[in-house]
Amino acid sequence: MTPAPRLLLAVPFVSTLDRFAMPPMMVSMAAQLGLPLSQVVHAVGAYVLAYGIMQPVWGMVSDRAGLVRTMRVALALGAVSTIASAFTDSALALALTRGLAGACFAAAIPGSLVYLGDTVPAQRRQREITNLMAGVAVGTAVASTAAGVLVQYSTWRIAFAATGLAALALAWALARLPAPPRPRAHLGLVAPLAAVSRSRPALLVLALAFVEGGVLIGVLTLLPAAVEAAGVSAAVAGAVTAAYGIAVLAFSQLVGFLSRRVHAWRLIAYGAAAAVAACALVALSRSPAAALAGATLLGAAWAAMHSSLQTWATEVLPAARATVVSAFAGSLFLGSAVAAVLVAGLAEQQRYAQIFGWAAALAAPLGLFGALGRKRWIRPEGEPGR
């Protein structure tokens, strides 16, 4: 087993560019297309719903066809769908193209995580996953800032065209990524799903991911629109949200250091506390200063809690690792999609205090059950680590 290839770090970066470019542009997209904001929020919901549903599918496909090949095909298809999004002029076309893009990009980050699970020793796995999440952080910061500037001074269509071209280039470049062994190719499609359904720890991890998606991703998706509703420009709203990516990048280094000294359940608890504080803060105020602090706390929550839950997902059922990791990511984004549907009407009415207040109320039990579950979990025999 070897350290993660540097080329692998580009996968979460590029897929995150596509996912996080849209939130800072939602208000401007609604205005330019002549649509209610709720319909644009539903297009975001279509993206994350397809992203979530396709996670387990791509996981099973990668077990059969190989990780690298699967990621390359998915990125190429996602690139085409994203470029098509730049030419839409109706709510239906936007939802369809964004949904297709989400379905394709769904293979990117889970595939990277499984690659790490298959090639990196358990003792170093959280550190490598934290490094991988740095790509997500940088992608978030770049996407949020650039998208805000583009809609302020140009058009949102350029953002989709640019991210699509970046994904197409990465699909070509991944031909140089060494293929890992395929230890699960003989399992077929049903056996891994059956194994997951029988594993209580695996089901707990998936449930936690669902709630986490509704809280962390749900709040982050609506934060730019909430800040813009307070009277600032799209460029400022995007820049404020970019603080999240910078915070993830900074706190990831701290979490990587702490992961070798602090048990994972404590990291989950720390992250949940940061999530509660972030959601409560932006429930009270959506001023740029409050949103900046809230985005920073969300970044800390993601670095500590999400990376710990994600690492747990790679360890909880080694024989069905690809399926668990894909289902984990699927649950995460299904939770986000459900949240988007539930609060779209409230967002249209600019009732952001209520939305973020609910998120704060959910973050507390998420941290409690996550920390207790991880503390009591017994690692499978033969798997090193704590």
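Every residue, even glycine, has its Cβ placed from backbone N, Cα and C.
Straight from TrEMBL, the features:
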type     : residues : note
DOMAIN   : 4-378    : domain 'Major facilitator superfamily (MFS) profile'
TRANSMEM : 40-61    : transmembrane segment
TRANSMEM : 73-94    : transmembrane segment
TRANSMEM : 100-117  : transmembrane segment
TRANSMEM : 129-150  : transmembrane segment
TRANSMEM : 156-175  : transmembrane segment
TRANSMEM : 202-223  : transmembrane segment
TRANSMEM : 229-252  : transmembrane segment
TRANSMEM : 264-284  : transmembrane segment
TRANSMEM : 290-312  : transmembrane segment
TRANSMEM : 324-346  : transmembrane segment
TRANSMEM : 352-372  : transmembrane segment
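Long-range Cβ contacts of the transmembrane segment (100-117) within its own chain (Cβ-Cβ under 8 Å, at least 6 residues beyond either end) map to 4, 8, 11-12, 14-15, 18-19, 46-55, 57-59, 61-62, 67-68, 70-71, 73-75, 77-78, 81-82, 84-85, 125, 128-129, 132, 136, 167, 180, 310, 313-314, 318, 321-322, 325-326, 328-330, 333. Most Cβ pairs within less than 8 Å of the transmembrane segment (229-252), among stretches 73-94, 156-175, 264-284, 290-312, 352-372, belong to 290-312. Where the transmembrane segment (352-372) meets the stretches 73-94, 129-150, 156-175, 264-284, 290-312, the count of C-beta pairs under 8 angstroms peaks at 264-284.
Contact between the transmembrane segment (156-175) and the transmembrane segment (40-61) is absent: fewer than three CB pairs lie under 8 Å, with pairs separated by 6 or more positions in sequence. The transmembrane segment (290-312) shares the most Cβ pairs under 8 Å with 202-223, out of the stretches 73-94, 202-223, 324-346. Where the transmembrane segment (40-61) meets the stretches 73-94, 129-150, 264-284, the count of C-beta pairs under 8 angstroms peaks at 73-94. The transmembrane segment (264-284) is in contact with the transmembrane segment (202-223), judged by 3+ CB-CB distances under 8 Å for residue pairs 6 or more apart in sequence. Mean model confidence of the domain 'Major facilitator superfamily (MFS) profile' (4-378) amounts to 88 (pLDDT, 0 to 100 scale).
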